[in-house]
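Scroll down for the structure; my scribbles are underneath it.
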């Protein structure tokens, strides 16, 4: 932004006097009148950029951060020693065994089969998330309707019974009668044609004309093992209730399947996004002015295309049966493609894009003069990055460290959530006072429960625990979340300080690049880790506390959604808004504080105060120059996301005819599209964040340059002549 061209060491006083900027009345007030924001920087002939003779800062916070990291490792080890992710991956039978687990006797039986799916329609399912009926692991789901009595009496008894035994407990019941088998719950009373639904066998029911539900050979009713008659529609209700705890899992499983089918295409899309981002950065380096105007025009064009496409889809659905249904009437659907079949969805997309288009055009019209100045700043930032090319690679280091933090948090969270023990409870059909009591399946047959409740069984209910570890499990989860925010913010802060130190070395080098260190990025990274780990931990700790509070507020908001207390809802909404604003303010202050830490080596609080006062003494320039530049860089990210997103939409929706056969068959084609769009934004943000940090760093250096120097031979500016001319024109316009 405010980089300097290579300047001669011999500069005549006449030339510098020609280049001297005449301060406006506003600037004189900023320099002399606003003492509440501190005194302006004084001229220091020995100041040559980031100070090398510095000491460690915020040592107490550094020690606290190290201890917190050690505690984080301890929580991880504890979780890994007790957790079992198989509880998330595999369904569990009545004995607590995992269906389909490799290396066990159930390895080839990956599906869970319910003896009596009608039992899943009871309220107990909603309370315990477990059906009060025996459940076993099977290799395939039943594909025909058959009762135990019919299987015994069938002319093909051997064939039917051998098929039936695959869905019975692994015991010998050949000498028992049908009534005895059903009494001991050794076999289901009947089998239904079923299908694999999230690794569970649920009835695969058909329908006749008029929506009549049938089972088996067009049978609308059936008789169960208790000799009770049921309608086939009752099975449908039971199947739905048995899956009430699995609705989200179904969606996740379908999404997971889509990822397994399209992951290589997603990687290709992200690589394309990286290449496009890199091309943009390189073009900005050499054609900054042209590329900024191209970015603005292309963003408007891409959003305009989105509006036209939404309108065409909206018009094409006109007159289509069912397309006029509203989103509210449709409700929540697991098949999200249904929403794309109604006109209201495309109308909403079109309105949102139109609003975004109008807002961007209005901003560009009103900021047209300041955009010219911002372009000059981007040109200077391009020159700075040209001298510190290794800065373009540093986002990969940040991305790698953040990936480690996210992976550690995710794995620890899974192990913590699966570190509960299997809880068994008494399930029975008849009334029993011991129902739902905890039991031990190993000793249950010898207990007095069977005497009081002859039909009772000790079955797996859920995962829990009452030990000291389980009582503090929620504390460990909270600690895991808090340390995740702290570590992620620390990694981000480390990247900001590193880049700030490198670009500050560029700005304050009078003869560029001769006065710059040989490896500015590595030199800055070394200073940050050696001297300022405590300051980075301090700033990231403050931000993490606010972010955790926001998470707690979101959790409370979800819990109070069904509440009727309007005052509580209003208060919660106000708190969420206030903490959102507070987080944004802290991020802004932290960013500028880290720049001052990188330059002067002071502790976090002093650096934050100096940065804030410096910005307040130059508040007009902050609003006019810095934020407009951020807006232009945001348009660049938006353009990359738009280009990659549109290309991925055409590919995954099968609209590109020459390569239509290569398109994978997916449940939700929007899954890879949204993944690529989100990943493209992160990649573009990673590359453009270098520019943003460069602009912010050079901007603060520029403000200090104006306060320290006056453009004379004795106190020359460090900024380039081109930037001086641009700012001088701006200065004359404000007089």
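Each residue, glycine too, has its Cβ placed from N, Cα and C.
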TODO: Quick one: sort out which of 346-367, 412-433, 434-455, 456-477 is the transmembrane segment according to TrEMBL.
DONE: 346-367
Task: 263-283, 557-577, 578-598 - the range that TrEMBL marks as transmembrane segment - done: 263-283
Task: Same-chain residue ranges lying at least 6 outside the transmembrane segment (263-283) that approach it to Cβ under 8 Å - done: 291, 295, 385, 392, 636, 639-640, 643-644, 647-648, 651-652, 664, 672, 675-676, 679-680, 683-684, 686-688, 690-691
TODO: Count the Cβ pairs between the transmembrane segment (59-80) and the transmembrane segment (346-367) that lie under 8 angstroms and are 6 or more residues apart in sequence, then report whether there are at least 3.
DONE: no
TODO: Sort out the residues at least 6 away from either end of the transmembrane segment (531-553), same chain, that have Cβ-Cβ distances under 8 Å to it, and list them.
DONE: 54-65, 481-482, 485-486, 489-490, 492-494, 497, 572, 575-576, 579-580, 582-583, 586-587, 590, 593-594, 597-598, 601, 603-605, 607-608
Open item on the list: So if I exclude everything within five residues of the ends of the transmembrane segment (290-308), which remaining residues of that chain have a CB under 8 angstroms from its CBs? That is, six or more out.
Closed with: 280, 283-284, 349-350, 353-354, 356-357, 360-361, 364, 371, 374-375, 378, 632, 635-636, 638-639, 642-643, 646
Open item on the list: I need to check the long-range neighbours of the transmembrane segment (388-411): which residues 6 or more away from its ends have a CB within less than 8 Å of a CB in the stretch?
Closed with: 76, 80, 278, 281, 480-481, 483-484, 487-488, 491-492, 494-495, 498-499, 502-503, 506, 519-522, 682, 686-687, 689-690, 694
Open item on the list: How about long-range neighbours of the transmembrane segment (631-653): same chain, 6 or more residues beyond its ends, C-beta under 8 Å?
Closed with: 262, 265, 269, 272-273, 276-277, 280, 284, 292, 295-296, 298-299, 302-303, 305-306, 360, 363, 367, 371, 374-375, 378, 659, 663-664, 666, 669-670, 672-673, 676-677, 680-681, 683-685, 688, 691-692, 695
- [ ] Quickly jot the same-chain residues contacting the transmembrane segment (483-510) by Cβ under 8 Å, restricted to those at least six beyond its ends, or write none.
- [x] 2-4, 7, 9, 47-50, 65, 68-69, 71-72, 384, 387-388, 390-391, 394-395, 397-398, 401-402, 405-406, 409, 516-517, 520-521, 523-525, 527-529, 532, 536-537, 539-541, 543-544, 547-548, 590-591, 594-595, 597-599, 689-690, 693-694, 696-698, 701-702, 705, 716, 718-719
